[in-house]
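Heads up, the thing below is written out as structure tokens.
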């Protein structure tokens with residue numbers, strides 16, 4: 001293999017640039033050229049790409065977002081376009097592809113492997129919801145962004161003795177809510193993986209009040225319900241006034257944390273090794289701090305599980 | 001004067017603690033005792049207070065929020081309660097009061113001066129909307145928080161080539177929107193002080209697109225309209241899809257910037273000097289980098305003006 | 001067990017407060033009282049302590065340093081003083097002790113267990129050098145502080161096309177240098193665990209220059225040599241001018257990262273469980289993301305090993 | 001004037017990129033082209049430059065350092081090389097030059113104006129030591145970096161009850177030391193503008209100790225003496241043990257603060273206006289929050305003065 005491609009796809013996450021850098025440098029280290037494909041699968045279909053040399057990935061390890069851009073590409077679902085993209089790769093002499101993204105991106109990669117293109121997936125999404133890896137690239141940074149935002153809101157909550165409901169990202173996976181809730185000392189955390197109990201939330205608030213603690217922070221993952229709905233429920237059921245903040249897209253951006261940069265470097269480099277070893281249809285991941293690889297199809301069968309021991313601990317520590 | 005009081009009132013802002021510290025230490029430096037009154041005017045009415053010594057304000061200069069808490073106090077509008085509070089102060093031997101807060105807080109302070117209590121106002125609010133001072137305590141920190149959030153959102157906007165509308169604080173004053181828009185390089189800024197022109201906003205976006213710049217950031221001050229409304233307008237009028245983020249309460253919190261700590265230290269200290277000079281019904285402020293003082297009643301007659309040269313500049317630089 | 005003690009000892013690290021909070025709240029959750037012992041083993045000897053209730057550990061999870069203070073205590077090496085401390089604990093009804101600190105602190109705890117006091121160690125040090133746990137409390141935060149400092153220095157290095165040598169903490173353990181070097185994209189990293197090769201460092205710099213990359217970052221762990229010495233060696237051997245920065249004590253402080261707060265919460269809580277289960281002379285740690293416990297004496301026999309695969313990777317990616 | 005040049009020179013400072021962006025966009029707004037000259041006066045002499053269009057300054061407003069690089073250029077002192085550079089500019093059709101930098105850079109610009117090239121200076125240096133402007137671009141960011149570093153060190157100082165001496169930048173100007181000392185609540189501050197009194201420093205420390213405050217932070221500007229020297233003096237004179245940290249080059253880097261970005265945008269834009277108005281040998285600055293301009297030669301006659309009222313205040317508040 002003398003030339004490979006790399007693309008980023010799906011929602012961007014901090015550390016994608018560090019992963020791109022690792023792919024390029026590791027490949028170059030082994031004498032392999034790397035083409036950066038722009039705008040995810042859209043660029044793949046259209047052959048929008050450019051040679052990335054050592055210098056072109058200099059100074060990007062600390063940058064949020066993705067230098068290669070990302071975009072949704074509905075056409076890519078059609079086989080005809082997939083084949084067109086593969087043709088473009090062939091024309092350019094690209095023999096393998098590293099796909100950096102979430103599980104939607106991995107599904108796309110899997111389709112391509114069925115059509116004969118060697119593909120390796122690198123898990124990057126702030127949601128930490130990919131089965132097969134304990135951590136995804138971007139999760140740690142998003143977590144720090146969320147926790148730092150909650151710290152700021154707590155300043156106001158404490159000063160005004162108010163209750164705040166903070167809505168964080170996570171449609172099916174509660175990891176951001178769970179970890180940030182524990183890290184920020186939230187009084188209650190609501191995640192998709194566990195049924196919530198409105199009475200318990202109210203009880204906790206009243207218990208705090210009884211010992212003269214008048215402010216409270218409740219974290220809710222967007223997948224369970226919007227913060228505004230919870231606010232209404234608390235008002236109707238217990239007459240409790242709350243203020244809400246929806247953290248939104250600030251969760252996706254920012255300079256990646258040290259942990260995410262190291263993870264991205266390791267996973268990106270390993271993806272290149274796999275291609276050079278002649279592997280395909282694999283994804284890389286981290287398990288017990290070791291880089292390893294697994295079948296891309298695991299995303300169809302396995303499901304990421306939140307560590308619910310953190311949920312229990314969070315409840316115990318916010319008595 | 002051998003004993004004074006200090007309270008914080010209204011929305012909290014970063015630097016209030018630095019101002020409290022300055023009041024205590026400057027007073028102590030002159031051999032005057034300071035009582036901290038809790039929960040703003042509520043504590044004033046009820047006499048909830050505590051002696052603050054040098055140690056009690058150690059380690060707070062870098063903390064967001066306010067150590068003395070803040071709260072709304074509807075009763076305070078009634079003269080009977082104002083008199084009750086003044087009685088509590090007399091009982092405690094408190095001869096003068098430093099009120100740290102926004103213009104609502106200053107109005108309260110003015111009422112108290114009419115009843116004979118010496119009061120000095122220290123302007124602290126993130127909105128920078130107090131006539132008589134060029135900067136309020138907390139504005140600079142809020143600005144940095146907003147700009148840092150926009151930087152993060154721009155990572156995603158750039159990567160996905162989307163347009164984002166970001167709603168920031170500011171009911172009547174556009175300073176946060178204006179300064180953060182200029183500092184973050186926003187493509188359009190909408191503030192209460194200037195009429196907005198939807199066509200111009202659309203034109204700017206299309207002009208950017210024409211030279212292949214596909215992402216865009218629009219800042220809107222909450223006082224003009226909610227981000228969601230603007231999103232609808234852009235969709236209806238020009239078919240433009242946008243994403244919205246409401247920054248909300250993260251804007252109030254956080255460790256104060258160096259600038260805010262210095263400002264708070266200077267203003268807090270000067271407030272004490274004024275009391276010791278026998279002044280009352282004055283507020284402190286900064287003008288041409290010099291600390292000065294002005295009549296509390298200026299808030300009734302004068303109005304803070306946003307520097308609209310920044311608005312023009314912002315437009316010119318985001319062509 | 002109805003009452004336990006907690007102390008912090010050795011160099012402070014971010015997350016110690018989160019661990020203290022977890023000890024207090026977990027114990028309270030089980031109906032057990034916690035006394036905070038001030039100034040490490042010095043307070044232990046002298047019986048300087050105070051009951052910590054739920055409120056007393058509110059608002060500390062995000063704070064750097066340690067609320068309980070830390071200090072060196074040479075007397076503690078003498079058995080007489082150890083016995084005196086145990087007597088103080090007995091008088092206060094304290095039946096078990098959680099010791100938060102590094103391996104020196106663990107040695108002290110081990111001595112106390114031999115004298116009959118139940119002790120559990122919680123590993124907290126920025127150096128990540130404790131055998132038996134994959135991560136120590138504070139390492140992740142220190143890493144982010146270091147990486148953020150290097151990012152800043154790289155701004156200048158790039159602008160001026162200079163080479164910078166940055167000295168980071170780590171006497172025997174190179175983890176901070178290793179991880180931060182990889183995360184910040186340093187051109188060379190020098191750690192105690194691997195022999196360094198001056199010729200290789202020079203070659204790398206010249207290779208970068210040959211492709212027109214004129215700046216360079218070299219990280220050196222303090223345990224290998226001071227930055228100034230390396231600067232002299234580079235000058236003498238190859239005529240290379242460098243600038244040096246010794247990061248120093250900023251590495252110890254700051255608000256703990258989300259990761260460190262979660263780790264501290266988990267380990268602190270588990271330490272309490274162990275005491276309640278009647279265990280002694282154990283330390284808690286994290287292994288494959290699971291909290292577990294191990295014999296305190298492992299610090300005498302085992303040695304933390306840096307993950308040298310990161311060292312190799314770092315070299316490959318900085319070609 | 002249809003084409004101008006812009007360069008950065010001297011030590012880099014945060015906000016230089018924002019100034020470059022403003023120069024390019026403001027000029028483009030008026031239909032004027034801008035060439036970016038690389039490596040300061042070195043690039044000027046050699047004609048190393050490139051057309052900067054709107055897109056080329058996109059996404060740089062938030063970046064530290066300077067996109068145009070900076071370097072020392074001893075040859076530039078010789079008239080022959082100055083003339084060579086002016087020839088290069090003529091060849092390229094460049095009729096005016098914006099020089100972003102400190103007073104050394106301004107001196108160079110002044111020499112060029114004498115040879116007939118229109119030049120406008122934009123003050124950018126973290127030291128805030130340019131007469132004629134109240135603030136230089138980069139000072140506010142450096143200040144926040146320093147204060148945030150001191151906050152971290154205070155975590156350790158407080159936890160261990162140690163005294164730290166922190167050496168900050170500032171050869172002739174004490175602004176960084178003075179403002180950061182006030183903002184971080186340092187117990188003592190030593191600046192070039194004021195004689196220091198070792199006895200007073202010792203007295204302050206002992207007074208703190210007497211009321212049980214055992215840690216202390218002393219800030220010293222590098223221009224007065226190295227931290228290590230002060231440490232020796234304190235040890236010899238009073239037996240006081242201290243720890244030292246030299247902040248070094250982290251002070252120059254980092255994403256510019258909101259304040260610095262706004263300042264850089266205003267000053268950069270005004271510099272272009274001046275060129276278009278046919279002015280030369282002027283520098284832009286900020287005075288009473290208004291942008292204004294003054295004779296470049298003021299750097300020969302006037303001297304920036306630190307606001308010593310802050311020095312007095314700092315002493316009063318750290319009793």
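Any Cβ shown, glycine's included, is placed from N, Cα and C.
Per TrEMBL, ATP is bound by A:72, A:73, A:102, A:103, A:104, A:105; the candidate from A:11, A:15, A:31, A:170 named for the same site is A:11. Among A:154, A:252, A:282, only A:154 appears in TrEMBL as part of the ADP site alongside A:21, A:22, A:23, A:24, A:25, A:185, A:186, A:187, A:211, A:213, A:214, A:215.
Binding of substrate is attributed by TrEMBL to A:125, A:126, A:127, A:169, A:170, A:171, A:243, A:249, A:250, A:251, A:252, and the same site annotation extends, among A:193, A:194, A:222, to A:222. In terms of C-alpha distance, the listed binding-site residues A:72, A:73, A:104, A:125, A:251 place A:125 closest to residue A:21 (ADP binding site). Proximity to residue A:103 (ATP binding site), defined by a C-alpha to C-alpha distance within 10 angstroms, is shown by the following recorded positions from A:125, A:127, A:185, A:249, A:251: A:125.
For residue A:104 (ATP binding site), the nearest neighbour among the binding-site residues A:23, A:25, A:170, judged by Cα separation, is A:170. You'll find the Cα of residue A:23 (ADP binding site) roughly 17 Å from the Cα of residue A:102 (ATP binding site). Counting neighbouring Cβ atoms within 10 Å of each of the binding-site residues (A:213, A:215), the lowest count belongs to A:213. Counting only same-chain residues six or more apart in sequence, the Cβ atoms lying under 8 angstroms from the Cβ of residue A:125 (substrate binding site) belong to A:10, A:11, A:13, A:101, A:102, A:103, A:136, A:137, A:138, A:139.
Looking at residue A:185 (ADP binding site) and residue A:251 (substrate binding site), their Cα atoms lie 19 Å from each other.
For residue A:72 (ATP binding site), the same-chain residues lying six or more positions away in sequence with a CB closer than 8 A to its CB are A:40. Listed in chain order, the residues near the ATP site other than A:11, A:72, A:73, A:102, A:103, A:104, A:105 are A:9, A:10, A:40, A:70, A:101, A:108, each with its Cβ within 8 Å of the site Cβ centroid. Look at the binding-site residues A:11, A:102, A:104, A:185 and count other Cβ atoms within 10 Å of each Cβ; A:104 has the fewest. The shortest Cα-Cα distance between residue A:187 (ADP binding site) and any of the binding-site residues A:73, A:105, A:249, A:251 is the one to A:251. The number of other Cβ atoms within 10 Å of the Cβ belonging to residue A:25 (ADP binding site), over all protein chains shown, comes to 26.
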